[in-house]
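Let me begin by presenting the structure, written as structure tokens, before commenting on it.
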Amino acid sequence: MTLGNRRHGRNNEGSSNMNMNRNDLDDVSHYEMKEIQPKEKQIGSIEPENEVEYFEKTVEKTIENMEYEGEHHASYLRRFIDSFRRAEGSHANSPDSSNSNGTTPISTKDSSSQLDNELNRKSSYITVDGIKQSPQEQEQKQENLKKSIKPRHTVMMSLGTGIGTGLLVGNSKVLNNAGPGGLIIGYAIMGSCVYCIIQACGELAVIYSDLIGGFNTYPLFLVDPALGFSVAWLFCLQWLCVCPLELVTASMTIKYWTTSVNPDVFVVIFYVLIVVINVFGAKGYAEADFFFNCCKILMIVGFFILAIIIDCGGAGTDGYIGSKYWRDPGAFRGDTPIQRFKGVVATFVTAAFAFGMSEQLAMTASEQSNPRKAIPSAAKKMIYRILFVFLASLTLVGFLVPYTSDQLLGAAGSATKASPYVIAVSSHGVRVVPHFINAVILLSVLSVANGAFYTSSRILMSLAKQGNAPKCFDYIDREGRPAAAMLVSALFGVIAFCASSKKEEDVFTWLLAISGLSQLFTWITICLSHIRFRRAMKVQGRSLGEVGYKSQVGVWGSAYAVLMMVLALIAQFWVAIAPIGGGGKLSAQSFFENYLAMPIWIALYIFYKVWKKDWSLFIPADKVDLVSHRNIFDEELLKQEDEEYKERLRNGPYWKRVLDFWC
């Protein structure tokens, strides 16, 4: 077949048409000369009169190679497109189906190695990694979401995930409202609750590590389906709003360097980056989050060192500062004890938002390779995040930034230098370092946006699998991505394009209003689920030895956290009806800015009760299903593993024993 006939779609093998010119040869890229050279050796003896035939055959062969290469490259595109097809075995449960106690069925995802499958064929009832599993349970295991998250990712999540808008930017307004003393007290109260919450969350996450959606599914079968439905949807809405909130914050952060470029330009760049990262699934999210968290932790450590030097007069232009700003203008804002107490209470919502995503280790349990080892380790390290990343760094900020500074959000100034961490350094004459801090703050904000995109899509997908959201959102593709739910998360991200609006700070405030208080509801349900689980275990005569990890603060820690969260909701209601500033007069805007999540939760709760006609307040302890969805650990095997581990520590170096005690 000649080149000319090939181009015209004809296949005349016997054609004598040899009309070729150099332009035809120029169409062939010289990158295929490796294919031409062997051909020259084979037909090197061709007579000169057959030169045209030689060139034609060579060109034909080269074009065939080019077509093959094109098909080869096209195969990547086809595989990428095919990866979005529904995974085999991925399907939603019927919304109409229910189990014996009337709760909505939960779809679980399990996976087992080839060794586990081989063991299943040889034994009728086996123990894998300390977990008892029957052959039927093994056969039902489906590889929907992929186990791409490693222990190093989980540990770094416990230390760095959530260090973003709440801590690095949102506290600017809180410092202005409460003063440094009120800020620290509010965060200390919330931090003590968070530690108890994470311990409860860690225990349940190990037990129910195969539940898609993590902790938002616990109350469905441990407490009350209506509570689970309302809080899960509120949690989903929270993180759908957090993604555009973080992108708006990123555009505000960029204003530190320039105000001449339209903020929407940067929103487009960051928006595309977040979507692309999540297209790579859990692995892309985990690796990006690991990098972001490393940068954030290094920035916090660097800030510690620099802030201490500035405060002691070793850098900057103000000499020794010490606790000057705690005396003038003071540690608390307000002239009366009531006003000062109100300032402390006002920190709770922002503190809850700042501590948000601490429970992310449970959300990712179904995509972790070894949750029984990684989750307890991460939960124990949470105390260091609370003490150093939050309390210590905010104390240093309070030493360096007076709450009357006009650069803080909520003061007379603008958001150009919104972060109190940047203000703490730049306001004392340090020139270069603030640029590095602001760059890491930008990475931190993008990290939380990345986590929000990941979390919201997984929550929406789990709601669909439970029958509590449209069935189309249960779609999991061949790469383990909840593709339909990710599309919804991407659409919500478009809200961020309001960054160029003059109402940018108002949008920031309203998105924060939805997100902050929602976190309290989520934490309350986690602790209630833990309390009800322990109660059901006791009533049904089950041993806690079946639990792979037990909360270090026990059920009393969960009870303390619930009590404090309820008091925080009550106190926040008081702040909403008598806001700080404006003479303490009630207005609809100030009320909903502080308490928007409450009416949303009430509406969702009532909607479920009417929809399902289920008027019970909770599932009785003796009716709680403690078999389905749960990893039942072999108590004797776990004891043996613990003894072997302790023996290795006793025989090992001293530093390992110290590290094990603290970590």
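Cβ atoms here come from the backbone N, Cα and C positions, even for glycine.
Note that the coordinates shown come from a computational prediction; the quantities given were computed from them, not determined experimentally.
Taken verbatim from Swiss-Prot:
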| type | residues | note |
| --- | --- | --- |
| REGION | 1-24 | region 'Disordered' |
| TOPO_DOM | 1-154 | topological domain 'Cytoplasmic' |
| COMPBIAS | 12-22 | compositional bias 'Polar residues' |
| MOD_RES | Ser29 | phosphoserine |
| CROSSLNK | Lys34 | ubiquitin cross-link |
| CROSSLNK | Lys39 | ubiquitin cross-link |
| CROSSLNK | Lys41 | ubiquitin cross-link |
| CROSSLNK | Lys61 | ubiquitin cross-link |
| REGION | 87-117 | region 'Disordered' |
| COMPBIAS | 91-117 | compositional bias 'Polar residues' |
| MOD_RES | Ser113 | phosphoserine |
| MOD_RES | Ser124 | phosphoserine |
| MOD_RES | Thr127 | phosphothreonine |
| CROSSLNK | Lys132 | ubiquitin cross-link |
| TRANSMEM | 155-175 | transmembrane segment |
| TRANSMEM | 178-198 | transmembrane segment |
| TOPO_DOM | 199-219 | topological domain 'Cytoplasmic' |
| TRANSMEM | 220-240 | transmembrane segment |
| TOPO_DOM | 241-264 | topological domain 'Mitochondrial intermembrane' |
| TRANSMEM | 265-285 | transmembrane segment |
| TOPO_DOM | 286-289 | topological domain 'Cytoplasmic' |
| TRANSMEM | 290-310 | transmembrane segment |
| TOPO_DOM | 311-342 | topological domain 'Mitochondrial intermembrane' |
| TRANSMEM | 343-363 | transmembrane segment |
| TOPO_DOM | 364-381 | topological domain 'Cytoplasmic' |
| TRANSMEM | 382-402 | transmembrane segment |
| TOPO_DOM | 403-432 | topological domain 'Mitochondrial intermembrane' |
| TRANSMEM | 433-453 | transmembrane segment |
| TOPO_DOM | 454-481 | topological domain 'Cytoplasmic' |
| TRANSMEM | 482-502 | transmembrane segment |
| TOPO_DOM | 503-506 | topological domain 'Mitochondrial intermembrane' |
| TRANSMEM | 507-527 | transmembrane segment |
| TOPO_DOM | 528-560 | topological domain 'Cytoplasmic' |
| TRANSMEM | 561-581 | transmembrane segment |
| TOPO_DOM | 582-590 | topological domain 'Mitochondrial intermembrane' |
| TRANSMEM | 591-611 | transmembrane segment |
| TOPO_DOM | 612-663 | topological domain 'Cytoplasmic' |
Worksheet entry | Long-range environment of the topological domain 'Cytoplasmic' (528-560) - Cβ separation under 8 angstroms, sequence gap at least 6 | 130-131, 192-193, 195-197, 199-204, 206-207, 215, 218-219, 222-223, 227, 372, 375-376, 379-380, 618-619, 621-622, 624, 626, 631-633, 635, 638-639
Item to complete: Name the range, of those listed as 220-240, 382-402, 507-527, that has the largest tally of Cβ pairs under 8 Å with the transmembrane segment (290-310).
Response: 382-402
Worksheet entry | Proximity verdict for the transmembrane segment (482-502) and the transmembrane segment (265-285), three or more C-beta pairs under 8 Å | yes
Worksheet, complete the sentence: Averaging the pLDDT values of the topological domain 'Cytoplasmic' (286-289) gives 78
Fill in: Most Cβ pairs under 8 Å with the transmembrane segment (507-527), selected from 178-198, 220-240, 265-285, 433-453, 561-581
220-240
Worksheet item: Which stretch from 178-198, 265-285, 382-402, 561-581 shares the most C-beta pairs under 8 Å with the transmembrane segment (343-363)?
Response: 178-198
Worksheet item: Hey, would you say the transmembrane segment (220-240) packs against the transmembrane segment (591-611), going by three or more CB pairs under 8 A that are 6+ residues apart?
Response: yes
Worksheet item: Would you list the DSSP helix, strand and coil counts for the residues of the topological domain 'Mitochondrial intermembrane' (241-264)?
Response: 16 helix, 0 strand, 8 coil
Worksheet entry | Tally of residues which DSSP labels helix, strand or coil - the topological domain 'Cytoplasmic' (454-481) | 16 helix, 1 strand, 11 coil
